[in-house]
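Single-structure report; data block below.
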Amino acid sequence: MAYIEPAPIKDKENPLESMMERFNIAAEKLGLSDEVYNVLKNPAKQVIVSLPITMDSGKIQVFEGIRVIHSNILGPAKGGIRFAPDVHLDEVRALAAWMTWKCAVVDIPYGGGKGGVRCNPREMSKGEIERLVRAYTMAMIDVFGPDKDIPAPDMGTGPREMAWLMDEYSKAHGMTIPSVVTGKPLVLGGSLGRTEATGRGVMVTALAAMQKLKINPFSATCAVQGFGNVGSWAAQLLEERGLKIVAISDHTGGFYSEKGINIQEAIKHKDANMGTLEGFTGGDRMENADDLLTLEVDVLVPAAMEDVITAKNAERVRAKLIVEGANGPTSAKADAIINEKGIMAVPDILANAGGVTVSYFEWVQNRLGYKWTADRVNRRSDRIMKDAFEHVYEASVKYSVPMRIAAYIVAIDKVAKTYTFRGGF
């Protein structure tokens with residue numbers, strides 16, 4: 001029998017510690033009582049399960065599955081499920097807390113949750129992944145529910161996996177329950193506009209921030225790290241609104257063109273090349289893809305993974321504006337450097353909240369049994385993202401703090417007031 005060894009935390013800042021550092025600053029600014037502080041800093045529930053799966057070879061492999069509900073004060077928990085080889089509890093706890101703050105920032109009635117399975121889906125067959133999804137669903141059958149905890153896709157999962165999850169959950173309950181999960185295929189109750197929602201939110205908040213900084217989109221340059229769903233859509237939508245995308249990258253490498261990269265051509269290449277930019281000829285290949293983060297551009301969009309802007313490279317960041325498409329791309333230590341340099345950073349819990357906003361719309365449509373048009377979804381999402389940006393910007397001015405801390409202040413204040421009204425002491 002094969003076992004997955006415990007995942008070591010990478011040689012980066014612990015994501016939970018980074019999240020708590022920001023949380024503590026905001027909590028102090030708000031003057032939270034000790035009672036409320038202790039409730040909000042700790043997860044409401046943590047579930048860790050072992051998942052024995054029969055692999056195609058006939059051997060049994062045991063995977064570790066995690067689900068953390070950070071808070072259900074505002075409503076049912078909401079958050080994705082990631083399949084990745086380095087999933088660990090502190091990461092999932094941090095991501096669950098970020099979901100709480102993200103939902104509160106955009107004022108949707110969800111708490112925060114997150115899940116993960118330590119595995120490498122790139123090395124697994126479709127059948128092995130399906131068996132793992134169904135086993136994880138059954139292990140969490142009493143955790144998930146349309147009014148309890150609503151999962152969604154994340155790194156290593158997508159609409160296919162959400163369809164399997166919905167099917168397994170529905171079979172266990174003897175009825176079809178599409179509202180148990182979001183990010184589903186359209187034919188199973190998915191929402192129009194969901195595919196591009198996170199990238200669209202990045203675009204909306206980027207333009208709002210550029211307006212504050214008086215950066216003209218039609219003369220602005222932009223670099224996008226990560227060319228998956230979020231990065232590719234953000235790049236495409238920003239290009240459509242006048243920005244010149246001079247650099248893009250994914251896990252296979254980075255590409256630069258002073259004249260600007262044709263994003264449609266890059267997307268076509270990716271779609272025809274197993275989802276990667278490997279071999280792309282629409283720009284010069286960068287010797288070190290991480291150099292994208294330190295290019296002299298107006299807008300930098302880190303849309304790949306956590307902790308890519310760190311204390312080691314933050315001093316070399318030259319963008320005027322950072323808009324975080326990924327979760328936790330800037331470490332807490334890097335934050336201090338970025339702030340000292342006077343760079344505005346639109347934080348992840350605001351910038352990439354377009355995804356959970358349209359997930360909320362999907363859940364609402366499933367409960368109503370009525371599908372909205374793409375135009376209706378996009379208009380409502382854009383309005384929510386613009387309003388959220390303005391609220392965070394106003395808090396930034398009011399408390400004289402960077403945008404990240406302002407976003408935490410807005411979110412924590414909402415959750416804390418709701419908790420106090422509910423009378424949870």
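Placement of Cβ uses the backbone N, Cα and C atoms for every residue, glycine included.
Per TrEMBL, substrate is bound by LYS78, SER359; the candidate from LYS59, LYS102, LYS341, LYS371 named for the same site is LYS102.
Checking the recorded positions (LYS78, ASP154, ASN229) against LYS114 (active site, proton donor) with a 10 Å Cα-Cα cut-off leaves LYS78, ASP154. Taken residue by residue with DSSP, ASP154 (site 'Important for catalysis') is part of neither helix nor strand, so it is coil. Taking the centre of the Cβ atoms of LYS78, LYS102, SER359 as the substrate site, the nearby residues of that chain (Cβ within 8 Å, site residues left out) are GLY79, MET99, CYS103, ILE108, TYR110, GLY112, ALA152, ALA353, GLY355, VAL356, THR357, TYR360. All protein chains considered, the CB of LYS114 (active site, proton donor) has 31 other CB atoms within 10 Å. With a cut-off of 8 Å between CB atoms and residues at least 6 apart in sequence, the same chain places THR195, THR198, GLY199 near ASN229 (NAD(+) binding site), listed in sequence order.
In this structure, the CA atom of LYS78 (substrate binding site) is 12 Å away from the CA atom of ASP154 (site 'Important for catalysis'). Long-range Cβ proximity for LYS102 (substrate binding site), meaning a same-chain Cβ under 8 A and a gap of 6 or more residues, is found for GLY112, ASP348, ILE349, LEU350, ASN352, ALA353, VAL356, ALA411.
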